Every structure is written in C-alpha cells, then in structure tokens.
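Asks: Here you go, one structure.
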Amino acid sequence: MINNRMETKPVITCLKTLLIVYSFVFWITGAILLAVGVWGKLMLGPYISLIADNSTNAPYVLIGTGTVIIVFGLFGCFATCRGSPWMLKLYAMFLSLVFLAELVAGISGFVFRHEIKGTFHRTYTDAVLNYNAEDEASRAVDNIQHRLRCCGVYNYTSWLGSVYYPSNGIPASCCFNSSDCNLDDLRNSTVAPSKVYHQGCYELVTSFMETNMAIIAGVTFGIAFSQLIGMLLACCLSRIITANQYEMV
C-alpha cells in the first residue's frame with residue numbers, strides 16, 4: 001500500500017501542476033471577458049443598440065461570465081492545492097457547463113449571422129430615417145459615420161428620405177472635412193455630394209462581420225474545447241486521489 005502511494009505521488013504532483021497552470025490560464029480568460037464586457041458597455045453601447053432591435057444585455061453577460069470564471073478559476077487552484085476530490089468534481093462540472101455554453105454561443109452566432117446582418121440593416125435604416133441628432137440612436141449613427149468614414153445606409157442618398165433632411169440636410173458626421181462643410185452645403189443636394197463620404201455604413205459593417213466571423217467562431221470553439229482539457233485533468237486527479245486515499249498534509 002505504501003509503495004503504491006509512493007508511486008502515485010509523482011503522478012498526482014504532475015496532474016496538480018498541470019491543473020494549476022490550466023486554472024491560471026482559465027482565470028486570465030475570465031479577466032479578459034470581464035475587461036471586454038466593461039469596455040463594450042462603455043465604448044460600444046451605442047453600436048450594440050443598433051445591432052439589436054431592443055437594448056441588449058451582451059456586455060452584462062460578458063461581465064457576469066468573466067466574474068464567475070475568475071471566481072471558479074481561483075476555486076480550481078484552491079481545490080487542486082487542497083487535493084479535495086469533491087471540489088475537483090465540482091470544478092469539472094463547472095467547466096463542462098462553460099464548455100456547453102460557449103459551444104452553443106459559437107454555433108448560434110455562426111448560424112444566425114445572416115439574421116444579425118438583417119437586424120442591423122433594419123435598425124440602422126430606422127435610425128437614419130428617424131434621426132434627430134439628439135437621442136441615443138442618432139448619436140450612435142453619428143459615431144459610426146464619423147469613425148468608419150461612411151454616410152447613410154448604402155450611401156448619402158439614404159438621408160434624403162429622413163425626417164431630418166428637409167430642415168437640416170445631411171448630418172455633419174458625414175462630412176470628410178468638417179472645416180469645409182457648413183449647413184447650407186449639407187442642405188444643397190447639388191453641393192452636398194462633394195462634401196460627404198460616398199460609401200455606405202451598412203456595407204462596411206457587414207463586410208467586417210463576414211471577414212471576421214470565421215476568426216471569431218474559431219476562437220470561440222478553441223476556447224470552448226480547451227475546457228475539455230481542464231475537465232479531464234480535474235476528473236483524473238479526483239479519481240486518483242480517491243482511489244489511493246491520498247490526503248494533503
């Protein structure tokens with residue numbers, strides 16, 4: 001019995017080391033998700049409101065998920081150091097839930113990417129047609145046009161049917177040179193085209209989504225399947241400790 005315990009100690013030590021390293025990496029993943037969620041809430045709130053029909057809770061989901069992962073990452077390190085079989089099993093169960101959630105999220109995002117594009121087209125068109133330069137949707141439109149150097153849905157002519165155009169013309173956020181773009185120019189349908197961007201915002205946003213969707217899906221699936229490594233390590237360590245009645249001193 002003593003010899004068997006001595007033989008399993010190096011195996012247990014190796015598994016513990018691997019699981020601690022994994023838990024630390026897992027903890028870093030949670031910190032990154034938390035940071036992305038906070039950044040998304042502070043910086044991308046207006047953009048997200050245009051992608052979804054209603055206000056989305058995506059940043060809060062990322063913040064909550066990141067926080068939970070940070071807590072369980074620390075729990076995983078603690079469970080590994082303690083060598084507690086039931087803690088390790090609980091950690092493996094949590095990793096399996098994270099794996100399923102990430103797998104579903106990745107598949108859903110890839111499968112429904114066309115629906116996301118359609119929703120963005122509808123909400124962005126509504127925001128342009130009902131633009132008033134004051135509400136959140138209007139500010140989001142201005143931010144997109146200014147930062148992406150674009151104008152309207154397909155081009156500047158999208159503004160001709162908006163409620164804003166008859167009295168104010170095309171918004172100043174469409175101007176590629178703000179110092180050479182005044183209200184009279186923006187009201188003039190003949191002069192305005194030479195003062196504003198000609199590329200539409202919808203094409204830019206959807207092209208970016210299409211170009212990066214495969215990368216985003218690949219990263220999501222890669223992170224999801226990495227949970228299987230943690231699950232395997234936690235389960236193996238728990239079984240070996242239980243089978244050999246190993247206790248940390």
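Backbone N, Cα and C atoms are what each Cβ position is placed from, and that goes for glycine too.
All annotation found in TrEMBL is predicted automatically rather than curated by experts.
Annotations for this protein, taken from TrEMBL, read as follows:
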- Cys151-Cys174: disulfide bond (DISULFID)
- 20-40: transmembrane segment (TRANSMEM)
- 60-78: transmembrane segment (TRANSMEM)
- 90-112: transmembrane segment (TRANSMEM)
- 213-237: transmembrane segment (TRANSMEM)
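Tell me about the surroundings of these features in the structure.
Replies: Long-range C-beta contacts of Cys151 (disulfide bond), restricted to its own chain and to partners at least six residues apart, with a cutoff below 8 Å, comprise Gln145, Ser158, Trp159, Ile170, Cys174, Val196, Tyr197, His198, Gln199, Gly200, Cys201.
Under 8 Å from some Cβ of the transmembrane segment (20-40) lie the Cβ atoms of residues 48, 58-74, 76-77, 80-81, 95, 223, 229-230, 233, all in the same chain and six or more residues away from its ends.
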